[in-house]
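*Asks:* My structure is below; once you've seen it, I'll send some questions.
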Amino acid sequence: MFDGYTSSELMSIFAMQGFAGLSLFSVFVLMALGLAIIFGQMGVINMAHGEFMILGAYTTYLTSGFFQSYLPSLFGGYFFVAMVLAFLICAALGAFVEWLMIRRLYHRPLDTLLATWGLSLIMQQAYRSIFGAREVGVDLPEWMMGAIQVTDLVELPINGLFVMIIALSIAVGVYFLMYRSGYGKKVRAVVQNRPMAEAVGINSAGIDRATFALGCGIAGVAGAAFTMIGSTGPSSGQAYIVDTFLVVVFGGAQSLIGTIVSAFGISQAQSTMEFFLSGSMAKVLTLLVVVGILMLRPEGLMALKVRR
Amino acid sequence: MKSSSPLKWFATREGLYYVALAVLLVVLLPLALDPFRLNMVGKYLTYAFVAIGLVMCWGKAGILSLGQGVFFGLGGYCMAMFLKLEASTPEATAIQSTPGIPDFMDWNQLTELPWFWEPFHSFSFTLLAVIGVPVLLAFVIGFAMFTRRVGGVYFAIITQAIAAILTILIIGQQGYTGGVNGITDLQTLNGWDIRTDEARTILYFVCVGMLFLCLFVARLVQNRKLGRILVAMNAQENRVRFSGYDVAAFKIFVFCLAAAFAGVGGAMFTLIVGFMSPSFIGIVASIEMVIFCALGGRLSILGAVYGALLVNAAKSGFSESFPELWPFAMGALFIGVVLAFPNGLAGLYQTYVMPLEDKIFKRNKGAQLEAKPAEKAAEPKPTAEKTSDYDPMIDSYSPEKS
């Protein structure tokens, strides 16, 4: 499949596709981080995660509209306001959902899957009724347009770079929260041994709710970042959800590093192959390889070793 | 509930539930509905095959597969390939640049039939493949996963990914599979036109017959030791393993069984509806199949049939009059079934209707045949909630499973 390309052309192709893969990587990381901390903490898969992301995207869309009509002078900075709003709204909704249904289903993870799927159907239809079935996009502020010319053949769009920076800063933030804070210590204690954590006085139900809200909030930020590189429709979230599940499972459910590594691997493989094969075949091959590896190594790339 | 003569079994309580379903499907619905509606009921019934498989696989054995659409689709595509080849005779396709191959291949500049289409000229091979292909795939997946003790949420996600892979593959390989439109314009089965009203009515009855066959196979499995081991595995997998049973083998078996049911359902779907497309395979379709089973009652094979009928009838009804409300109703159904009544309609039936029945049964001791009209009278909606089978295990469903 490499026939007919010179080596320098191949290098540029890999660099360009690699960068295209990095935007995909950013979306995967942002979505997968939220999913991974929820799954790692509670063993619950949130099928409505994509819809939380879209909620963040619509929040950004509304915020940009608000800034355009009322505060045009501050338009350059609306994105940061939108990001905070998206986080808060999604986290609040997440906490509410946890209180309403998830906490009743902790012993039945498979049922949680179905209940959150039902939630995702409702949220999708709500978006369709409120915002219409058409995809909406936001206007990028001036400074985010354009691209940086690296070499003759390679140029990097600024909005892609920006999204990547957000993804990495959130990943670092989550790392510090999980490994360097009191809250993180409690979360890890509950993950490793719930009864013992409760025995030493950790309020595991409170930790559960906070973690679920945090995961949903990060999904909201993911949605805000997503608007910078693509348009948002009621069912955009569903397009990413299977890939994101695979990223989480492939990385090893309770390992944040594993999640990032697997997001990187999957997105790079997919985008590099996309150049040489058709888009659908690239996706099929990537998913097949991931499923194949998971069949051989079900615990994922980097499994947390816990005594059960 | 074992009785010496099969005829006597029909007069037992469990037998009467089956008789009631048979009366509903064979007598009442064909009398009450015109051929178009009956054909739609036939379509709903093909989903009941999948739901029965899910009862065995998810309800009993605790293996949630979110990829049953894959097996349904494979069965359906096998049948569709046979019918398409029969419809693409060189005479009928003379205007194509390559006569004798299906029309979508010609549109995609294929000049000869791909090798994997060749065997589907034979009807007997097709019948074999309708069950064989799904079972083979289920075996490969099951063998790889269950021998490594993968289960629960992981298994659900991987089956979901497989559903996604197959859908993308079929849509992407338009020349070989018909792409997003699927395989359409199917006309005859061994020379017999399947598009007439008469043929569709006959196919409906064939479908009901196959459904009862599957029901009896499932009943056979659930009432033996095999069925008990499946249930035990769901509740306490390690205890079953330490008792000396090969847990993986049982799981592979029940997953393959569910795949076989789904394959048969898919083939019947193709025959009844007259086409097959990737939209019946994908993630959304596959999860919807789980709700048929969950609504009917995840432990009741008869409940699964009613669940499939009800959800699909509601879907058609809503989609005709309030299309924007259906996703809300569906979402509420998922949440409601899981949170409020995890045993579905069968569970409700057992809690509320069975005690009434018990009284009636006691009053009419020795005259069981009278119990049937009485059973009808005991409930307000005859087609809706007559849902349960005699299953001593149903109330032992424990949410505390892995």
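Indices start at 1 and increase along the chain as displayed.
Note that Cβ sites are derived from N, Cα and C of the backbone, with glycine treated the same way.
From TrEMBL, here are the annotated features:
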{"type": "TRANSMEM", "residues": "A:20-40", "note": "transmembrane segment"}
{"type": "TRANSMEM", "residues": "A:52-71", "note": "transmembrane segment"}
{"type": "TRANSMEM", "residues": "A:77-97", "note": "transmembrane segment"}
{"type": "TRANSMEM", "residues": "A:109-127", "note": "transmembrane segment"}
{"type": "TRANSMEM", "residues": "A:158-178", "note": "transmembrane segment"}
{"type": "TRANSMEM", "residues": "A:212-233", "note": "transmembrane segment"}
{"type": "TRANSMEM", "residues": "A:239-263", "note": "transmembrane segment"}
{"type": "TRANSMEM", "residues": "A:275-296", "note": "transmembrane segment"}
*Asks:* Out of A:20-40, A:52-71, A:109-127, A:239-263, what stretch is closest in contact terms to the transmembrane segment (A:275-296), meaning most Cβ pairs under 8 angstroms?
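*Replies:* Per the Cβ count, the answer is A:239-263.
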*Asks:* Against which stretches of its own chain does the transmembrane segment (A:52-71) lie, if we need a Cβ under 8 Å and a gap of at least six residues from its ends?
*Replies:* 30-31, 34, 46, 78-79, 81-83, 85-87, 89-90, 93-94, 123, 127, 131, 136-139, 216, 219-224, 226-227, 232, 234, 236-237, 240
*Asks:* At a C-beta cut-off of under 8 Å, are there same-chain residues at least 6 beyond the transmembrane segment (A:20-40) that contact it? List them, or none.
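*Replies:* Sequence-distant neighbours of the transmembrane segment (A:20-40): 46, 49-50, 52-53, 160, 163-164, 166-168, 170-171, 174, 178, 187, 191, 211-212, 214-219, 221-222, 225-226, 229, 240, 243-245, 247-248, 251, 253-256, 259-260, 262-264, 266-268, 270-272, 274, 304.
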